[in-house]
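Asks: One structure, pasted below without further comment.
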Amino acid sequence: MTYRECVLEVARDDAEALSEALFDLGALSVSVEDADADTPEEQPLFGEPGHEPTRLAWNRSRVVALLAEDADPALLVAAAANEINLSPLPAYTVREVEEQDWVRVTQSQFEPIHIGEHIWVVPSWHDAPEPDAVVLELDPGLAFGTGSHPTTRLCMEWLEQHVHPGERTLDYGCGSGILAIVAKKLGAGETVGVDIDPNAVEASRYNAERNHVEATFALPDDAPEGTFDLVVANILSNPLKLMAAMLCARVRPGGRLILSGVLERQAEEVAAAYASTIPLTVWRARDGWVCLHGVKPT
């Protein structure tokens, strides 16, 4: 069976209404995506702590409608636009989509990810590419990160170059646990991952177990106390600014702090939030994102 995929780029205020109209008029499925995803202009889905939540959709939204083979995309788009009084008609593209074994197709699209010198993130259906590699087995599709985003890669590259054996390490905002797990595999000592999302904590525990890593993952109120030799936080700029005092307090004198999830244009203001306690500099930049690092004075 063949389907048709119709992709429309629309303004934020029209995305939800157009999606509902397309679905009401016979689309098999409709999704809304950030047209600027994976660029420096991407927007957090639900906003950042301390900022107004994102509205119903992104500034530039992409509406993707899956249609039956015999559907007429032009008529459907025109009818949907008319239903919500949208003028002029949005630009759209259409492509044919063959029915396939989607599990196999998805797996074929994800190859092992090489990060730094010897780190590989490997889906469960692949073997490790190098016998001496530092391998993390993580499957794509996790909501909490698999190493493909520039900020995650930057943090992993930093860890590969700078982790010292036995260092007590904290991954704050651990998501999938990927940074805590790689730190442990690189020789870190006691390793703790913290996240405000219980699902992320559970995902991290699962990933640590499948990677044969001993680490503690917990919600903030349940996390081990004390200071750490190494604190890494790959979150977003505004929560990083809001949590500056707390994160600095978690770093022991002489310990190191690594931050990412920060756009190049945000680096100066994020560093300013930490300047009174830990001076931060840009370690490396990639694709509009930066990794900041610094040492807490003794």
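Quick reminder: no glycine exception, Cβ is built from N, Cα and C everywhere.
Pasting the feature list from Swiss-Prot:
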BINDING   THR152, GLY173, ASP195, ASN234  S-adenosyl-L-methionine binding site
Asks: Just report the maximum Cα pair distance in Å for the recorded S-adenosyl-L-methionine binders THR152, GLY173, ASP195, ASN234, no decimals.
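Replies: Across THR152, GLY173, ASP195, ASN234, the widest Cα separation comes out at 16 Å.
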Asks: Are there residues of the same chain, six or more positions away from ASN234 (S-adenosyl-L-methionine binding site), whose CB falls under 8 angstroms from its CB, and which are they?
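Replies: The answer is THR151, THR152, CYS155, GLY173, GLY175, LEU179, LEU259, SER260, GLY261.
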Asks: What's the number of neighbouring CB atoms sitting within 10 A of the CB on ASP195 (S-adenosyl-L-methionine binding site)?
Replies: 25
Asks: THR152 (S-adenosyl-L-methionine binding site) has how many other Cβ neighbours within 10 Å of its own Cβ?
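Replies: There are 24 of them.
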